[in-house]
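A.B. asks: Below you'll find the structure I mean.
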Amino acid sequence: MSERRIIHVDMDYFFAQVEMRDNPKLKGKPVIVGGKASGRGVVSTASYEARQYGVHSAMPTAQAHKLCPNGYYVTPRFEAYKTASEKIMNIFKSYTEVVEPLSLDEAYLDITHLVRPDLPASRIAQYIRRDIYEATMLTSSAGVSYNKFLAKLASGMNKPNGLTVIDYRNVHDILMGLDIGDFPGVGKASKQKMHQEAIYTGQDLYNQSERDLIRLFGKRGHGLYNKARGIDHNPVKPTRIRKSVGTERTFATDMNDDEEILQKIWELSNKTAERLAKLQKSGKTVTVKIKTFKFESLSKQRSLRDPVRSETDIYNIAYDLYTELKNPETPIRLVGVTVGNLEKATYENMTIYDYI
């Protein structure tokens, strides 16, 4: 069996780039696409110029205004992004049927069957990026490797408009020198916990035994052990069907303050709504999950007559569910919000602002 060749393609600051393409006056400017600061809107995408001010996705737009008061704030145009995405996905499928979309602007492609001695995977990735630019006038970054984890890692290494290959010749050096926070799937809480264990780099992670990582991180420990070694056997799944969309947050310290927890639930509702929008889905169930300081998992779910998609609707239901779940005497270490029973969303007379 030939060695797998996987490409991960990720569009560069997708929503902001579409806006800059359609309005050349925005080129080179700090462009922030997102909800309005007057409400509780959040940033969906920030151009690289805006990121230099500390603006990033999922940040409250009001906070972005403080960091970048002279930025160009743009109300999202979902149909424009959807049109560009359809062209991009069609290009992927013109190369291979084994395409796993992750969102409107990101996908895995298994091109193992296309690779020949005179046609390496890196050249195929170059062709794909060229075709995307010619069809949309948008740049993309791609990572090429022998598994999904490394391909995704590679795609983020030379952004924007970059191409990176990770193979057996350079994988060890790349992983060993990687900051632990740059490993896909390692969030702020996990990073802080790793720092407490003197794990700062890929080398430090590599030096941990699998048993110790499982003791520290539960089931995730096995995956972290493999990631430090560049191991990922997961296939590219072209018929991937999502049954739910959700977001969880593990706190750096156990939390018992309702106001802080509800703020986190609002942020999770925003993130979940944004992911629903990218997947063009809405859902008829909302679930809130908490994990106590004793690692006890509790959850509440509500089934709905009409599907929900906006962050406000999701939050209002999540608020009620959390109120039913909470015990004032019990600190919690994790909270999650999930929308399930998904169906195709209807977008008539709507913009992506409904989801941000």
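Backbone N, Cα and C atoms are what each Cβ position is placed from, and that goes for glycine too.
Quick paste from Swiss-Prot:
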type: DOMAIN; residues: 6-187; note: domain 'UmuC'
type: BINDING; residues: D10, D105; note: Mg(2+) binding site
type: SITE; residues: F15; note: site 'Substrate discrimination'
type: ACT_SITE; residues: E106; note: active site
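Can you walk me through where each of these features ends up in the structure?
C.D. replies: In the three-state DSSP scheme, D105 (Mg(2+) binding site) is classed as coil. Sequence-distant contacts of D105 (Mg(2+) binding site), defined as residues of its own chain at least six apart whose C-beta falls under 8 angstroms from its C-beta, comprise D10, M11, F14, Y81, S85, I88, K278.
Neighbours of E106 (active site), defined as other CB atoms within 10 A of its CB across all chains, total 19.
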A.B. asks: Just name the most isolated of the recorded positions D10, F15, going by other Cβ atoms within 10 Å of its Cβ.
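C.D. replies: Counting other Cβ atoms within 10 Å of each of the recorded positions D10, F15, the minimum falls on D10.
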